[in-house]
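To start, the structure itself, in structure tokens.
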Amino acid sequence: MKLPGQEESDVSSASKNVPTGELDSGPGSGLSPDGPLDTESRELEVPKDLPLFIQLNELLGWPHAPEWKETGRWVLFEEKLEVGAGRWSAPHVPTVALPSLQKLRNLLAKGLVLLDCPALSLQELTEQVTRVESLSPELRGKLKALLLQRPQHLIQTPCTSPCWRSANLREASQEEEAPLKEQHQNPLRQKFPPGAEAGAVLAGQLGFLEQPLGVFVRLRDPVVLGPLIEVPLPSRFFCLLLGPPTLGRGYHEMGRAVAILLSDLQFQWRVRRASSLHDLLAALDAFLEEVTVLPPGRWDPTARIPPLKCLPSEHKRLSSQLRVAKGPSVRRRTPAEDRHGRRQHAANPELRRTGRLFGGLVQDVRRKASWYPSDFLDALHPQCVSAVLYVYLATVTNAITFGGLLGEATDGAQGVLESFLGTAVTGAAFCLTAGQPLTILSSTGPVLVFERLLFSFSRDHSLDYLPFRLWVGIWVAIFCLVLVATEASVLVRYFTRFTEEGFCALISLIFIYDAVGKMLTLTRAYPIRRPGSPAYGCLCQYPDTGGNESQWTSTNSKDRDDILSMDLGLVNASLLPPPECAQRGGHPRGPGCHTVPDIAFFSILLFLTSFLFAMALKHVKTSRFFPSVVRKMLGDFSSVLAILLGCGLDAFLGLATPKLMVPREFKPTLPGRGWLVSPFGANPWWLSVAAALPALLLSILIFMDQQITGVILNRAEYRLQKGAGFHLDLFCVAVLMLLTSVLGLPWYVSATVISLAHMDSLRRESRACAPGEAPSFLGIREQRLSGLAVFILTGISIFLAPILKFIPMPLLYGIFLYMGVTAISSIQFTKRVQLLLIPAKHQPDLLFLRHVPLSRVHLFTAIQLACLGLLWIIKSTPAAIIFPIMLLGLVGVRKALEWVFSPQELLWLDEPMPEKERNIPEKGMEPEYSFSGSDSEDSELMYQPKAPEINISVN
């Protein structure tokens, strides 16, 4: 984009350039933005310079009392001084008029440009910038005195009111150039990392000047220019724009234009490496080539555009310039790269076959051994403490709920104690030895379904359940070891987002269904009816002779007895009413007595309270309320705070809601059995061989459940540095399957929801970010100690019965529902389901809707819904024994979709499968280049930093 008179000013001003040095040669040094580049890699180099703080000081009060006053500041976004309010504005996207950029270019072309200026102080700098031929000695003295005045800054310290520093009309001495106390106390200083630099822009109208004066300086070594900048950062750039009084705010806008240019990373990168005036002007021209013009009258110039949550990547801008410079010859991504520029699973060395037995396992052990010491040292951070607290509660909730469900499914063969013990032992062992220690082992819905089917089969055929289950577990361990030996884990390359979303949606629905189902069971046991009805009974609490608290209910419902024995964890139960209740005729209005409808009502109240409160705190984390530290704390401890609120409400009102049942003795739930399961019991010997058939189905389920979770946890967008370990993880699960089968404990695999919650709690984000800029995702704090502490606390929880018994079960059901809802709402599948109900004109601007017809999106969603419905139906029927095979069938369905959808459509809605990556036309892999405009908005979002798509958490 050329401005009028640009070519003429380039030639006429060449002689005015006064460089004082050259930059050191190096990669990217002395690069002319418009000149040809040596290699493509240098063309695609992303600016990696440290952030630059730019401040605009404007000269006000001429001719009576001229003074410098800070009126704007930039890092990435602009903050304006709101004089009337005495504060800084909210950060916003800066806008500038094209005439201001044109005037700035002309002024710089005719002005003084000093590159690598050797000045070491503000006084030396003023000596350099005032050496202009058009200025007389007298005017130079006046200008120098004016430049040495202390500007006024609005510095808002945390403990004081906004502080204005008054101007000083005399020259500053060397001592006076030291930064002020308020500058060191400026909270903005914490936003910058070590090594950050500053740039000063001075602009205004000066009556004794006859013609405009423009000076641009790049210091050879960054220098702290005393009180010139409100933050005591070393300055790299200095720009002076002064001129005779004119109408309007021309110099103010030119000053803003310079600040906006310097806040642009690519302009800053080019200017740092410029060696002449031509390079400086070329950098400005390159900036103009990317400027987007808003037509007048279509928007309000005074409106402030809020910053985007996700800024376009610099890769996009550089590659766009490369396409303009080289045209169709630009390098395209290789077919193995996905639409986000990342390599597909096939490029992962962990997913390549070695061709040797247990070759993948050996490689995983060698790879993880080098990281083992750091897995403990990296845990020495306060963030790990908060992660332990609420992941522990999620794990305990899961252990309690699945323990209760497993007790119901097996008629007491296993229960809450086995669930606690198994979770603690297997989880701690896995965290110590696994390849991906961030994984949380737990009972899962699919495995629970298989346990229920296995028990039903044993009961229907009069088999001893635990010995039969032992042989199933032994065969599963053998089959899993065979899978490890043959490196079958490389097949996870075929698990695309289609398979992952189907699996995650199924698990989330199981969470939701179980939580709601438990509450419905409670309401059936204690139906809410009007007083006077036959079921309107009494639940009394009274101390017995031993000092313990007993309960009595006047109704004799089987469901109610089951609830009392399972959930309330009663010490003593009796169908005889206490004397004081009998004297009142059974009317429960004395101390410790509650009506049955009260139980159901308050249980539902606590259930909804925990769910809604946790959801509200989750949204507070991304809201504008409270400081960022408070928001993060509320979001991280949402489940903890929800449980504490519910417990406090329950205790304050003295409610007789069902409480958490915690084992009081360390012994198996099933009376008469020891901790070691007999291999045969009453079963025939041949059953140990026949157990291989159900074990084969369970092995498929274990492999799918474990490895799909592993694929999700080890996605590239999580930026894990220590590698995965698919073979080692499956080996650990196989050994633990054998251990839990021998001890009669539940089977455990990776729990998708809680594992992702664990990872989400360990997210590392940048602390030093520009005002208005969202913290950037840096990765996950990879370590073993947080998971190990979670499972140690889970084991200790067996002995915390006096405390945990006060937690109402409806609270835990509410947290269970919260986990399921947040899980299913975080995947793209849910967004596409919502599109079925949203008219086209009201649909959100989702990226895949720009490239795939809406009818094809609906067809893809309908196929996923059909698969999910079929899985749920099979899980809920006697045919559930083939449920693991149906999960594996998701991969086959995804493969068949290649006959229904084009490669381009699957690229946007899912991911290419490994075999297809070599056959997809290169053009199909580059949808952003298939449009006529290389700078199309459709390609703008292609290179944005990609956050994790499936973000399931309990916080």
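Cβ atoms here come from the backbone N, Cα and C positions, even for glycine.
Under the heading region 'Disordered', TrEMBL lists 1-41 (among others).
What TrEMBL lists as compositional bias 'Low complexity' is 23-38.
According to DSSP, the domain 'Band 3 cytoplasmic' (52-155) comprises 32 helix, 35 strand, 37 coil. Sequence annotations record features per position, and here TrEMBL assigns domain 'Band 3 cytoplasmic' to 52-155 (among others).
Among the features that TrEMBL reports, domain 'Band 3 cytoplasmic' is placed at 175-301 (among others). Taken through DSSP, the domain 'Band 3 cytoplasmic' (175-301) splits into 50 helix, 29 strand, 48 coil.
Per TrEMBL, region 'Disordered' is recorded for 322-349 (among others).
As annotated by TrEMBL, domain 'Bicarbonate transporter-like transmembrane' applies to 356-914.
Non-local neighbours of the transmembrane segment (387-407) in the same chain are 414-420, 423, 427, 440, 442-443, 448, 451, 514-515, 518, 566-567, 636-640, 643, 660-661, 669, 746, 751, 754, 757-758, 761-762, 786-787, 789-791, 793-794, 797, 804, 812-813, 815-816, 819, 954-955; each lies 6+ residues outside the stretch with a CB under 8 Å from one of its CB atoms. According to TrEMBL, the transmembrane segment annotation covers 387-407 (among others).
Residues or ranges marked as transmembrane segment by TrEMBL: 419-450 (among others).
Look at TrEMBL and you will find 470-491 (among others) tagged as transmembrane segment.
Beyond its flanks by at least six residues, the transmembrane segment (503-521) meets 401, 404-405, 444-446, 448, 559, 563, 603-604, 607, 704-705, 708, 712, 752-753, 809-810, 813-814, 816-817, 819-821, 823-824, 827, 829-830, 864, 868, 871-872, 875, 887, 890, 950, 952 of its own chain at Cβ-Cβ distances under 8 Å. The annotation transmembrane segment is assigned in TrEMBL to 503-521 (among others).
Same-chain residues lying 6 or more positions outside the transmembrane segment (599-617) and placing a CB less than 8 Å from one of its CB atoms are 519, 522-523, 526-528, 539, 634-635, 637-639, 641-643, 645-646, 649-650, 653, 655-658, 808-815, 817-818, 821-822. The feature transmembrane segment is assigned by TrEMBL to 599-617 (among others).
Look at TrEMBL and you will find 637-656 (among others) tagged as transmembrane segment.
Summarising the annotation, TrEMBL assigns transmembrane segment to 685-704 (among others).
Feature annotation from TrEMBL assigns transmembrane segment to 725-749 (among others).
Under 8 Å from some Cβ of the transmembrane segment (785-804) lie the Cβ atoms of residues 375-376, 379, 384, 387-388, 391-392, 395-396, 399, 417, 420-421, 423-425, 427-428, 430-432, 437-440, 660, 662-664, 666, 758, 762, all in the same chain and six or more residues away from its ends. Among the features that TrEMBL reports, transmembrane segment is placed at 785-804 (among others).
Distant neighbours of the transmembrane segment (811-829): 393-394, 397-398, 400-401, 497, 501-502, 504-505, 507-512, 514-516, 518-519, 606-611, 614-615, 618, 639, 642-643, 646-647, 650, 660, 752-754, 756-757, 861, 864, 949-954; these residues of the same chain sit at least 6 beyond its ends, with a Cβ under 8 Å from one of its Cβ atoms. The transmembrane segment annotation in TrEMBL covers 811-829 (among others).
Looking at which of 470-491, 685-704, 725-749 has the most CB pairs under 8 Å to the transmembrane segment (419-450), the answer is the stretch 725-749. Through the fold, the transmembrane segment (685-704) approaches residues 446-447, 450, 454, 457, 463, 467-468, 471-476, 479-480, 483, 488, 503, 679, 730, 733, 737, 747, 749, 881-885, 887-888 of its own chain, all at least 6 residues removed from its boundaries and within a Cβ separation under 8 Å.
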